[in-house]
Amino acid sequence: MEKVKGPMAGCTTATCGWRALLLPQLNRQSLYVYGSEMAVEKECMRQLQSGVFVIHPFSLMRSYYIMGMMAITFLNLIGIPMEIAFVDGTSGLAWEGFNVFSDTLFLIDVALNFRMGIIAEDGEEAILDLKRIRLSYLRTWFIPDVIAAFPIGYILLFADLQYYNEDNPSKTNKMMRILMFVRILSLIRLARVSRLVRFFNEVEKVSNANLEVVRLFFRVLSLFMMIFLLCHWNGCIQYFVPMLEEFPTDCWVRKENLMNASVSVKYSWGVFRALSQMIALSYGSMDAPTNYVEMWIVMVSMVSGCLMYTVLVANATTMIANRPGGQRVQEQDEPLGALHSCSCASATITRRYGGKWFQEKDVMHTVSSALKEQIMMVMCSRLLRKVPMFQNREENFINSVLLKLEYEVFLEGDSIVRENVPGDRMFFIDHGQVLMETDSYDRELCDGDFFGETCVLTKGKHRATVKALTDCQCFSLSCDDFKEVLLCFPDISKDIEQLVQLNSEGEPV
């Protein structure tokens with residue numbers, strides 16, 4: 001397959017306008033998914049030719065949008081509990097404006113998700129069809145997102161305006177109760193924590209940094225942010241519950257004389273009590289709980305502290321166990337890369353081996369011959385049938401050849417074969433891009449292409465040098481293994497011998 005050239009290959013804001021922001025960018029993740037620069041260019045062409053407004057998962061706009069939404073979500077998860085617990089209805093115009101802005105942004109996000117491309121479960125392609133995107137969103141996150149995006153900020157703004165403009169004392173008290181109810185109702189916005197987790201996962205997917213380092217960094221960052229949010233929410237609850245009871249005489253707030261303290265002092269004492277209870281050092285003050293409400297708060301804090309400690313230890317253990325080891329192949333971030341085309345086999349192997357890198361041959365030897373045949377059929381059948389001498393052959397012959405294929409990985413810059421050097425195998429490119437060089441021409445090959453077919457038939461010399469332009473995942477078929485298969489199929493063996501004689505003056509490598 002020749003390299004695609006044309007106006008789509010260099011689409012920028014100057015040539016494509018604002019639509020360039022919706023197209024996939026050339027980065028580590030897109031190269032990992034599509035295999036080569038040419039495949040990324042084809043993906044850009046596919047999206048441009050569709051003529052539909054869809055934001056690609058690997059686009060520049062998607063990257064910046066996720067970063068911005070992640071920051072806004074985190075600020076909401078910090079500010080909403082503080083507003084409910086400490087501001088006492090005097091949050092000010094700035095905070096009310098931020099609430100309205102956030103609610104508007106989350107409502108827009110719900111609408112944009114109907115035009116946000118998604119990555120398929122097998123990680124092999126981006127889904128850009130509007131019908132599939134909408135069905136997927138409606139079946140998964142639409143209802144939680146609508147609940148989390150409920151425009152409480154608008155209701156609070158309207159209630160505050162009515163409260164400040166009301167002179168009748170009875171109506172003022174009534175509005176005060178309504179305002180308190182709405183503020184409690186605004187706790188529903190804490191459901192946005194699920195979106196924060198999703199944004200973290202999506203940032204990891206679209207990042208342009210080293211994949212293993214990014215996964216580790218975001219895993220640690222998300223873990224500490226969740227621990228911080230848990231402590232923060234607990235600290236706000238410590239003050240919020242006594243406030244709902246109108247500060248009983250035996251509550252800790254009155255004992256510490258915090259009724260007229262500043263927000264920072266109240267918050268500091270609340271977080272201090274929360275941390276003291278969560279790590280089981282004390283009750284947060286010198287005295288034990290004085291009523292059943294405080295007793296339940298302390299118990300819930302202790303249980304949440306135990307869960308926090310368990311999650312921290314479990315994640316730390318997982319990170320240490322899955323750290324990059326000597327058995328991993330350089331730059332290979334997914335286990336058993338050759339198996340990613342077969343989602344069932346890949347999931348089975350990943351569960352069995354814990355997500356670590358193992359030699360492909362060792363793994364394949366552990367499965368039964370029937371399962372091995374099915375795995376190879378799913379992974380390599382399409383590669384084999386692109387070769388003329390394997391087209392229109394019987395299934396038994398194809399299956400026998402598939403079982404002889406060997407998985408090989410070449411890193412960027414490796415010379416796979418050299419011109420005028422004898423060879424004994426042919427190669428099928430599953431994922432990646434190579435350059436075939438001769439004195440008369442250069443040619444780029446990518447996913448689904450093959451080379452070295454002459455050598456597998458005659459063990460002759462290679463007629464070109466082939467170098468890996470990207471990390472390549474290939475399958476190879478040796479001459480000896482191929483002849484062993486042909487012994488069982490004499491009719492096909494005669495046809496291939498005739499094919500070799502007819503094409504003895506051809507161009508194969």
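Any Cβ shown, glycine's included, is placed from N, Cα and C.
For 64-86, 98-120, 141-163, 175-192, 213-235, 295-314, the entry in TrEMBL reads transmembrane segment. The domain 'Cyclic nucleotide-binding' feature in TrEMBL is assigned to 389-486.
Tertiary proximity for the transmembrane segment (64-86) is limited to same-chain residues at least six positions away from its ends with a CB under 8 Å from its CB atoms, namely 55, 95, 98-99, 102, 105, 109, 112, 183-184, 186-187, 189-190, 192-193, 195-196, 199-200, 202-203, 206, 225, 229, 232-233, 236-237, 239-240, 243, 263, 266-267, 270. Residue counts for the domain 'Cyclic nucleotide-binding' (389-486) by DSSP state, with H, G and I taken as helix and E and B as strand, are 24 helix, 38 strand, 36 coil. Over the domain 'Cyclic nucleotide-binding' (389-486), the average per-residue pLDDT in this prediction is 87.
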